[in-house]
Amino acid sequence: MSYLLLTLLLLPLIGSVLVFAWKNPASKYLALGIAFAQMLLTFYMLTGFDFKPTVDGVLQYEINYPWSNYIKSNLHFGIDGMSMLMLLLTNILTPLIILSSFNEKPGYRNTFYGLILLMQFGLIGVFTSLDGLLFYIFWEVTLIPIWLIAGIWGQEDKKIQFTTRFFVYTFVGSLFMLIGLIYVYNHSASFTLTDLYNADLTSGAQTVIFWFIFFAFAVKLPIFPFHSWQPDTYTYSPTQGSMLLSGIMLKMAVYGLLRWLLPITPEPILGISGQIVLVLAIIGVVHGALIAIIQNDSKRLIAYSSLSHVGLMTAGIMASAILTVKGTLMIEGGEGALIQSFAHGINVVGLFYCADILYKRFKTRDIRQMGGLARVAPKFAVLFMVILLGSIALPLTNGFVGEFILIKSIFDYSIIAAVIAGTTMIFSSVYLFRFYAKAMFGEGDEEVLASAGDLTGVEFSVLASLVVFVIFLGIFPQPILDMVNSSLKFIFTSMMN
Amino acid sequence: MSVLIIIFLTAVIALFAGVFEQGKFSRYIGILGLMIAFYVSFLPEISFFSQYQHMFEFGANAALFTKIAIVITILLFFLGGFSFSNHRNHQSELYALMLFSLCGGIILFGFQNLVTLFLGVEILSIPLYVLAGSNKTDLRSNEASIKYFLMGAFATGFLLFGVALIYGSSGSFDLYKIHEFAVVNPKNLMFILGAVLMLVALAFKVSLAPFHMWSPDVYQGSPSLITAFMMSVVKIASFFAFFKLMTIGFLGITGEWINIIGVLIIITLFLANVMGLAQTNVKRMLAYSSVSHVGYLSLIFYGMNSLSSYNLAFYLFAYSLATVGVMMCLIWVEKLKRETSYTAFNGLAHTEPILAVAATVSLLSMAGIPLTAGFMGKFSIFAQAIDQAPFLVLVAVLGSAISIAYYLRLIMAMFFPKESSFKTSERVSLTYNIVAVFIIFALVTMGVFPDLFAKQFGL
């Protein structure tokens, strides 16, 4: 059975090499084919997946080969419910992201698609590795392709400055995580996940390691004071780069928080550190939403909205973690964060794509200069609206389930915190409806509108696929909750000891 | 010892080959001789040479480092040819001098006696004083030569005075006798003073700050191929000598010198990385980067264990390969553009993709990005030192964080412009592409399969 996982891991790597080598415009079809095969393989793996294992946190499709005796590290991969959810997210979104760029024609396209597949390889590695060093390696592997995508195809005038800042920020964060992991490794038998969980660490060391590893995740998410790279990078990257970054890549940090940080260093959560993180996350929720309200640049608006949503996920995780470490097993925060990761991935990719479609029609990202598109593009107006409602967390859309559970878990910890964090639902409707109203209704430049036209086939298929997920998960979220339940129980229980 | 003799004979033959032609033969003679030497280094030592009055021991570590140095020198010889473009005459002497310098390096790998150490340092350095100035018409090259010579002379002074004090207190030149003396008398003031003086001398040689101030000028002024040789082979040899002297000879008084090294590491990492960030010239940036790598390497003195010398070898090999990978790109750009600022590299990836990818992988390796050898090297050194010197590891991490910015600048110059600034009519030779592919392959293989290197070198 483990060959399935091995194929899943290696297919994008081999695919990216092939696409790099094949300098032909048709290479985009090869890239799409590989990403699509990847998606089908993930669905096939889902059919053989045990949703309710008898032992909590049991790993399926496990691969374990010795890699280096010298470093006591193994090629250890495996999937539990949490990983499976993230794999689904990655492999559903990647083909859509590749498809979404089919209408564009800047140079060196095969390199572009090769980099996206390489990125997919890194992401699958992050979500399946069960060895600390492998996790770190894949974590860094994802950085190079996205950096090149942002740098080569980004907006010409400012890309050097912002891509450098993005790279340096995330690299510094990762280095701190590496130091933290090395320290834990020196006090455990090997880099294997369970060995790291059982490492013999003093309370003081745990606090330092907590902050070191947290720093990497905080930059990637991003959490409030570490976010200054994010709006600029999201804005000046090409659309596909923004989609990869916000749709999938930041979920690495949510996943990392649950899988790697909290179980390795449970003690600081109980102390002041856990509360600081919770407070920072809630500040991020309000801060991001308030700034999004005054944005006129469509991509920037989405970037800040993403900051706000991510803050809520972190706050939910931390609230449940604090309660768990105190003695009552609570996994709601984790459940909410994971289902919200999935939903947010779908929604934010949709929003960025809508912003891109608007940019193509109006040749500007300034929402004040748009208007009236709903008249000439009814299909777009409907699909955009559904995605928007998902993002606002309207009941029966995918966003609602996650936000509800998250706010409930924060409520369990502190009512005041829940009230403040809950404002995200109000604010997000303010800024997103403002965006929608300016772009779709009102008076528009008649010349632009006349030539704008409705969605093309590619655009329609991408948006429609996303909308299917928005509605389906809103009505029927139970499978995802079942899927992550057992792995979260395992993780939160190991924090209690 | 037989390796040393083979390389010495190769150098002499290469030197005399220059009488009959203008340097073509000597390059190939050099490559052939080095390859034979590389092969011989895997064979057991001929018994006739194995006893050498306790002056020279060719043990497992020495063999390992010799192999690394030979591989790097072979790569550099492949890159030769047009890199001394200013003076096509008298090239054979330069190849011969490089080989003589390598002989000095091999003596350093096997030294067991302070006299051998001194001999090795001098045989390593004196050819370099000439090589640094071999671009005779270039003022910078002349400056480099004289600066290097003066600093080398200083370092020799410190080294000899240190040796004299050590001999005066312990009564022996033998490394292991010194070791025994230090273990028994850890508080002998004359001995400690001698050890500190030798530390300073070798800090000059490996360019640990604040004894590094000669290196940016010398590295920039020398012909690029020689700079690559100094950054790689010379650094391997002098650092290994430093390592061996401190960890065998002065092991008994580690407490007396380890803090000095700690201070030097902090100064080095801070100064070199900040200065590297400020450079506009790529060659000078690489010089500062080279200084900063000595800083990371010096963490090897913390948390020593049985794998330390292997970690050192791994790091040095990874770093040297990466240096060759970037320098070959620089040599090519310098030939076409006659300068080495960042803008000179604009769009290189469009005309010379293989060369640019080799340089990129090398730079990522230097920065310590995973799946490259540099990451494994940094990882093992950090993991070794973190329990004993967490603060220094933190400083090293911050140093790496600064360094990534200037490495990225070069990658961005090569990849990010939409147009190439190079004429497509001038293409790099096949040899260069082969060396580039070898470097990419080696760096990635070492990064992905770190155990393979261990098996290759019998560990």
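Every residue gets a Cβ built from N, Cα and C, even glycine.
Some features that TrEMBL has for this protein:
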TRANSMEM  A:6-22  transmembrane segment
TRANSMEM  A:75-99  transmembrane segment
DOMAIN    A:131-425  domain 'NADH:quinone oxidoreductase/Mrp antiporter transmembrane'
TRANSMEM  A:136-154  transmembrane segment
TRANSMEM  A:166-185  transmembrane segment
TRANSMEM  A:205-223  transmembrane segment
TRANSMEM  A:243-262  transmembrane segment
TRANSMEM  A:268-294  transmembrane segment
TRANSMEM  A:301-325  transmembrane segment
TRANSMEM  A:337-359  transmembrane segment
TRANSMEM  A:380-401  transmembrane segment
TRANSMEM  A:413-436  transmembrane segment
TRANSMEM  A:457-476  transmembrane segment
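Sequence-distant residue pairs (6 or more apart) of the transmembrane segment (A:136-154) and the transmembrane segment (A:75-99) include fewer than 3 whose Cβ atoms are under 8 Å, leaving the two stretches without contact. Long-range contacts of the transmembrane segment (A:205-223) within the same chain, counting only residues at least 6 positions beyond its ends with a Cβ under 8 Å from a Cβ of the stretch, are 139, 169-170, 172-174, 176-177, 179-181, 183-184, 187, 229-230, 249-250, 252-254, 256-257, 260-261, 264-269, 271, 273, 277, 280-281, 284, 307, 310-311, 314. Packing against the transmembrane segment (A:6-22) from elsewhere in the chain are residues 30-31, 34-35, 37-38, 41-42, 45, 63, 77, 87, 110-111, 113-115, 117-118, 120-121, 124-125, 128: each is 6 or more residues past its ends and has a CB under 8 Å from a CB in it. Ranked by number of Cβ pairs under 8 Å to the transmembrane segment (A:413-436), the listed stretches A:301-325, A:337-359, A:457-476 are led by A:301-325. Between the transmembrane segment (A:337-359) and the listed ranges A:75-99, A:268-294, A:457-476, the one holding the most Cβ pairs under 8 Å is A:457-476. Across the candidate stretches A:75-99, A:243-262, A:301-325, A:380-401, the maximum count of CB pairs under 8 A to the transmembrane segment (A:457-476) is reached by A:380-401.
Taking Cβ pairs closer than 8 Å, the transmembrane segment (A:243-262) reaches residues 82-83, 86, 89-90, 93-94, 97, 100, 116, 119, 123, 126-127, 132, 135, 139, 142, 146, 149, 193, 196, 210, 213-214, 216-218, 220-222, 233-234, 237, 269, 302-303, 306, 310, 313-314, 317, 321, 334, 337-338, 341, 345-346, 348-349, 352-353, 488, 491, 495 in its own chain, all 6 or more past its ends.
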